[in-house]
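According to TrEMBL:
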- A:443-452: compositional bias 'Polar residues' (COMPBIAS)
- A:368-425: domain 'Iron dependent repressor metal binding and dimerisation' (DOMAIN)
- A:433-452: region 'Disordered' (REGION)
- A:6-26: transmembrane segment (TRANSMEM)
- A:63-85: transmembrane segment (TRANSMEM)
- A:97-115: transmembrane segment (TRANSMEM)
- A:144-160: transmembrane segment (TRANSMEM)
- A:180-198: transmembrane segment (TRANSMEM)
- A:204-222: transmembrane segment (TRANSMEM)
- A:229-250: transmembrane segment (TRANSMEM)
- A:256-280: transmembrane segment (TRANSMEM)
Amino acid sequence: MRDYNTRVVVLGVAMLGGSSGLVGSFTLLRRRALMGDALSHASLPGIALAFMLATTLGYDGKYLPLLLAGATFSGLLGVGCILWIRNKTRLKEDTALGIVLSVFFGAGVALLGMVQQMKTGNAAGLEGFIYGKTASMSAMDVRLIFYASLIAIALSFANFKELKLLCFDEGFAGSRGYPVVLLDVLLMSLVVLVAMVGLQAVGLILMIALLVIPAAAARFWTDTLWKMTAYSVILGTVGCVIGAMVSAVFPNLPSGAMIVLVCSFFFFLSMFFGTARGVVARFLRRRRLNRRIDRQHLMRAMYEQIEHPDRSDTSALKPGSEPVRKTKVSIDELLLVRSWNWKRLMAAIRSAEVDELMQYRHGHAQLTHAGFIEAARLTRQHRLWEMYLITYADVAPALVDRDADNIEHVLEPHVIDRLEDLLEEQELLFPVPTSPHELGDGLTSSEEGILP
Amino acid sequence: MIFLLGDWISDWDGSINGWIVVIGCLCAASASLLGNFLVLRRMSMLGDAITHAVLPGIAAAFFISGTRNSMAMFVGAVIVGLLTAVFTEWIRSVGKVDEGASMGVVFTSLFALGLVMLVAAADHVDLDPKCVLYGAIDLTPLDTVWVRGLEIPRAAIVLSIVLVLNLAFVILFFKELKISSFDPALATTMGFSAKAMHYLLMVLVSITAVASFESVGSILVVAMFVVPAAAAYMLTDRLAVMIFFSVIIAVASASLGHIAALEVPTWFGFRSTTTAGPMAVVSGLLFLLAALFGPRYGVVVKWVRRQSLSWRILCDDIVAILYRAEERDTAMPGLAGLADELFASSLSIRSALLMLRRKGEIEGSDQPKLTPRGIDRARELVRSHRLWEQYLVVETGAETNRIHSHAERWEHFTDRPLRDELDRVTEAPDIDPHGSPIPPENKL
């Protein structure tokens, strides 16, 4: 950090990382992450043309603002083409990006081929726009990046609400009278702005990476837009600083590539450990839900078993038989009730035992008092929904079990209340209503119902 | 054009230009064959991603084999190209990230990794990333091999093999590709794995991309993956026809592109330029033509169709207004009155009146008046309109004050048989729900 040059580079890439993280989070949500890719490629013919024009007219061809103007012009032309193809033809966004990227870049390559034959003016270094020269960034570049970042920040804060609406619900934004096309153009112009100053400073690949990776990584941590934008800015800045410093310490490593690698390391960290959408977080949430469902299935199965202790005795199936709490239910019987395997059932029993809902001894399970209340409550919910389906949705009694099975786990208290009210009107409410269909093991109950 | 061709032929420099065109066409055709499916599957950016991402594969192959053996590098690049597709899919499904974003993450990371590996190996290798991007199609004819006494550029042989491979793939698996591109779920129920087709396609895309950019540069293959297929998509709805068109467009852009590369720069005083760039640009121009003038989906064609429809409706409305005014014996509306009533500019009313006068349906310039022909047209329209109103009230029980706008829309698309049917269903009424008389059908 003592070195002046290193400081310039670190400062420059930090600001660039921040502002592209900001712009990138909008384009990511707009599902246009690769827009930066297409635009960066599309700027090449503008650069070459600006150089040719300037040299032909006798000016210095590599005068930076002129090249930037050329790049911006052809970048904006590229945006126009992409929007035109997307809105006016039957082609989709990705194809529009692909067409503009390859055709514009092709034109740029052709023009560069001609530029290299020019006797006046030294064309060498124009490729810097594509490969970048991160390690030799000048104070001038940093100043440009600073101004561009200021504009990007100011514009996106001033239009934060509008951009948010555009990203999440374009149609709604249009119906509320927001100028959707104009906002789209504004967003794309921000991308062009950031990409153009960044392109000549750090090169094409790093620019694309900065526009995509921090925003994609930030998405894993939150579901709120302003937080995501903030995280994305932070990730972009920190990734750039670390990458630039690593490559300053090991001068062999190209700084642009190191920044990309640091950022993608952040991305993978976020992908796995992000709190909102990370893989681990989603896995845990899913497992918690599965366990809850298993628990509820177990409790209901217990209740149904003790309701009818002897299933071969059909007289026990008649409505209104009182369940006996202390009845012991063998695990074999429970296994038959639904298609769960022994391991899963035992896991559910063990966790219910920890919560003192049941006792398990010698292959037999028995509900505790708390467990009995819980089981009765769950069974009641299940049967209320079944009654509701039969009464109001005209579903055949043989078919309601499965439907209720899916929904019972997500019934909220106020839904139960509403169900009770509805069924009370029909005078169908019982403390725990009896099952509206014959009980059997999960595999045969529906068949029994269908057969005459 | 003739002069241009003449110039070009006189420039023909041994067989070099011929070989460049042949190699360009081979690359373009093989890329565009697969490109159709990339465009249909919304994976157009994959070509770009793969060509950037293969760098670490090349570097790793160099590390492992220790030579610049092109076969090892080819295999390494294809493997990494395939990995790009696999990683993209993996991040998309595991991380629930938008496809474009996951592609962006993967290919930039792989490219950066490749750069670091290349720099690490920089002391003893002269791999130039610029060569990978720009390619050197203009130099390919110089790298030749002898086959049965013929001197053939190596790139031509490699790309021919790729073309045959792709062609065989598309022909053999046409049905499977078609179904899995349009409806992966149906493909699975029909007993073949849409996923397997996806990855088979990815393998071939990688092979094509690597083989092409090794010889002609990435820009040409990226363009040929997307642009010809997109142009063909603007021309047809049938997959087989689309593939056929895309290959033709690809070959045309390769050939015309080479001519352009030789000729266009001379207009500005340059010698000639690299060939791959103009090939991409020509394909872009061909796409523009297809997008503007495609028979069914062309932007211009659609615009003309819509304009002619709105002209017809405007003329219909004018004669109907004149007819009603005549019927009620009120004053004929003038130009301003018509413009006011139809929410149209006076310019478009004026031109519509001109058109009607040409067709002999109205007469009089300041105060338009229907001729007998005009009255026939107007009577059909008004009859349709009032029959519809009657039908809506009788058959659907619509309220009288809400039927006008429906009838106003449908009157333009109601022909004689439909009118007869409406007449029959509503039991041949004489007056409509508003009490206006329903005019009789024209005598033939």
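Keep in mind that glycine also has a Cβ here, set from the backbone N, Cα and C atoms.
Between the transmembrane segment (A:229-250) and the listed ranges A:6-26, A:144-160, A:204-222, A:256-280, the one holding the most Cβ pairs under 8 Å is A:6-26. Contact between the transmembrane segment (A:180-198) and the transmembrane segment (A:256-280) is absent: fewer than three CB pairs lie under 8 Å, with pairs separated by 6 or more positions in sequence. Taken through DSSP, the domain 'Iron dependent repressor metal binding and dimerisation' (A:368-425) splits into 48 helix, 0 strand, 10 coil. Here the domain 'Iron dependent repressor metal binding and dimerisation' (A:368-425) returns a mean pLDDT of 80 for the predicted model.
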